[in-house]
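According to Swiss-Prot, the protein carries these features:
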DISULFID  Cys117-Cys139  disulfide bond
DISULFID  Cys235-Cys265  disulfide bond
DISULFID  Cys348-Cys373  disulfide bond
DISULFID  Cys424-Cys447  disulfide bond
REPEAT    200-223  repeat 'LRR 7'
REPEAT    362-388  repeat 'LRR 13'
REPEAT    501-524  repeat 'LRR 19'
TOPO_DOM  606-795  topological domain 'Cytoplasmic'
Amino acid sequence: MSQDRKPIVGSFHFVCALALIVGSMTPFSNELESMVDYSNRNLTHVPKDLPPRTKALSLSQNSISELRMPDISFLSELRVLRLSHNRIRSLDFHVFLFNQDLEYLDVSHNRLQNISCCPMASLRHLDLSFNDFDVLPVCKEFGNLTKLTFLGLSAAKFRQLDLLPVAHLHLSCILLDLVSYHIKGGETESLQIPNTTVLHLVFHPNSLFSVQVNMSVNALGHLQLSNIKLNDENCQRLMTFLSELTRGPTLLNVTLQHIETTWKCSVKLFQFFWPRPVEYLNIYNLTITERIDREEFTYSETALKSLMIEHVKNQVFLFSKEALYSVFAEMNIKMLSISDTPFIHMVCPPSPSSFTFLNFTQNVFTDSVFQGCSTLKRLQTLILQRNGLKNFFKVALMTKNMSSLETLDVSLNSLNSHAYDRTCAWAESILVLNLSSNMLTGSVFRCLPPKVKVLDLHNNRIMSIPKDVTHLQALQELNVASNSLTDLPGCGAFSSLSVLVIDHNSVSHPSEDFFQSCQNIRSLTAGNNPFQCTCELRDFVKNIGWVAREVVEGWPDSYRCDYPESSKGTALRDFHMSPLSCDTVLLTVTIGATMLVLAVTGAFLCLYFDLPWYVRMLCQWTQTRHRARHIPLEELQRNLQFHAFVSYSEHDSAWVKNELLPNLEKDDIRVCLHERNFVPGKSIVENIINFIEKSYKAIFVLSPHFIQSEWCHYELYFAHHNLFHEGSDNLILILLEPILQNNIPSRYHKLRALMAQRTYLEWPTEKGKRGLFWANLRASFIMKLALVNEDDVKT
């Protein structure tokens, strides 16, 4: 039986004991060693190795049959002890003699038949319910428990003065277990209940209600009844039982849970509470049996403000829906909540209704609900969460005549906005609209209440916000989390937006001008998006750094790079890219400036080190080597005595003798000089012609003095005619000193033409360049050339 009782009082224990438990545990919540849990361990006795400083001990759901003083006497700091769901038959409160700080004691759901009491001044919570007591186990010592706030008891029968010892206490909660209660001979018993805020009565779960006890309580705020089974015959017995309990003016809240009854009896119960002072009637786990017919109901003036029915099972499948729904629709109360039921519809009140709050969560309502209804003028809040709504525009049309509606919740339906026909009819009074967890797309923004302040669209199918959206100038909070948006929406159409939730979307490159567009934003939640850490993201991260830290929710932990792979998982706060790699203009200017600097530097170095001269000389050397390898065979077979004939002015003889001859002759190059090799007795012209013919090449040392010499011109003339032919390159010009073309006499047209057509070697004034000059000059001679000695020629 204890297993059946467990769920019955779960919620009551939670409500009544939560404050006490939290208050008791908070001072030592951080001391893990002071909380010991041995529940559900199949223990038959209390463990011996408990820590001496234990403050909270749970031994529930075991097989302990006895509690002795040595078991807990050493736990001097014990404040909470749970022994529920064991096999204890007897309890002597003297075992707690050394536990003077004990505040919470739960020995419910045992087999207790008797107890022995002693003073326990600190006790606040005492639960003796769901045991095997014959009469209420209330000792006179209980009257000294001045701190007691919760008292749980059970008995098979009552006596009027059983609770007299605790009548003067100010209790918050009293739990009476009446599961084992039975009447004898149809007699009616009486019981005076002490003053308490909450009275919870638990009846047998499988028996028809049969309690005949006149209970009276002077000050009661909340009455809770559990396990009520009724039919049409004993329905009146429950109302008789409740008559005395509900008489007091302080009773404002009545809760019935786990109730099985007929529809006729249900209507009678509603009618019973209608004239009573009860303001809040709550019914949980209602099962309707037998038939459902239209029942008469008198909607007189009532103190009832709210009727809440949650979790209804209807065992009647064929019935008049009008008979069922009209009873609720015509109630003249402010708040009606019917949730988790098989109801498929709710009719429109036939006359102007008093409803300001309607909650129809988790039913089977369709798009036809309240269509064309014009009697809900006072309705301020409508909740249709978890139903079968599909057409978004019909939902809008449903609200058209609800002129006071401020809050509408149609989340967790199957709403879609595909069939947009530009007919958008919302109640203009709507301020809060919850459209989350539906199948809406971006077109929903074309049809929204114009004055909405809070809009929840999270978990839909929105990929983008259209440009032609409804201008929602009053919108302050927008939740579009868990959609497929790729960018942060600007505030062009939402000028008053202050809160934006857009996490868990597909935002990879948030707009850098978001914060400029949304000047009033005070809370942004945009984490858990696949941010691409590229140049486009730099400005957004920079803008985040400019706003207050509390504005960006979840920063920086929820803002991480998703791409590229090398940066995946990196916090945006730690992501950095150089300005140069992200600014195209700056990059272009930098590259251009660098190239310009390099060009200027290169030009300067070229000029400073005379690089063009080196290049020119290298090209000449290369060409000379190439031509030397392709000398015609007939050139090599000529009878030659000299490698070179040198023509120069007497003014340049010092350079020829000191520079030219030593550098050529050291490599066995035979040179012909007129003053050294001309044959005396012959004319100068004959010697010139003769030795030019005997030389492989002719070298002319050009200078301003050269062009002033007639003989030098003759030598040049004869060399040009004798050594030059098509394809040959045996004339070498060395420019010792610069010669301007204008300074060459016109009669020396040969020289002028040669200098214009032929490449010549310039004598470098810098000594560092002279090595390349000599290498270039020597490369012009074929070292394997077979020369004939002068003596051999004579013979």
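Each residue, glycine too, has its Cβ placed from N, Cα and C.
Distant neighbours of the repeat 'LRR 7' (200-223): 4-5, 8-9, 12, 16, 129, 158, 173-181, 183, 186-194, 229-231, 234, 237-238, 241, 244-246, 248, 250-255, 258; these residues of the same chain sit at least 6 beyond its ends, with a Cβ under 8 Å from one of its Cβ atoms. Within the set of disulfide-bonded residues Cys265, Cys348, Cys373, Cys447, the entry lying nearest in space to Cys117 (disulfide bond) is Cys265 (CA atoms). Local packing around the Cβ, expressed as the count of other Cβ atoms within 10 angstroms, is greatest for Cys235 among the disulfide-bonded residues Cys235, Cys424. In space, Cys373 is the closest of the disulfide-bonded residues Cys139, Cys235, Cys265, Cys348, Cys373 to Cys447 (disulfide bond), judged by Cα positions. Counting in whole angstrom, Cys424 (disulfide bond) lies 44 from Cys265 (disulfide bond) by their C-alpha atoms.
Scoring each of the disulfide-bonded residues (Cys117, Cys139, Cys265, Cys348, Cys373) by how many neighbouring Cβ atoms lie within 10 Å, the top position goes to Cys265. This prediction places the mean pLDDT of the repeat 'LRR 7' (200-223) at 90.
Counting residues per DSSP class in helix, strand and coil order gives 0 helix, 10 strand, 14 coil for the repeat 'LRR 7' (200-223).
The Cα atom of Cys235 (disulfide bond) lies nearest to that of Cys348, taking the disulfide-bonded residues Cys139, Cys348, Cys373 as the candidates. The two recorded residues, Cys265 (disulfide bond) and Cys373 (disulfide bond), show a Cα separation of 30 Å. Rounded to a whole value, the Cα-Cα separation of Cys139 (disulfide bond) and Cys348 (disulfide bond) is 57 Å.
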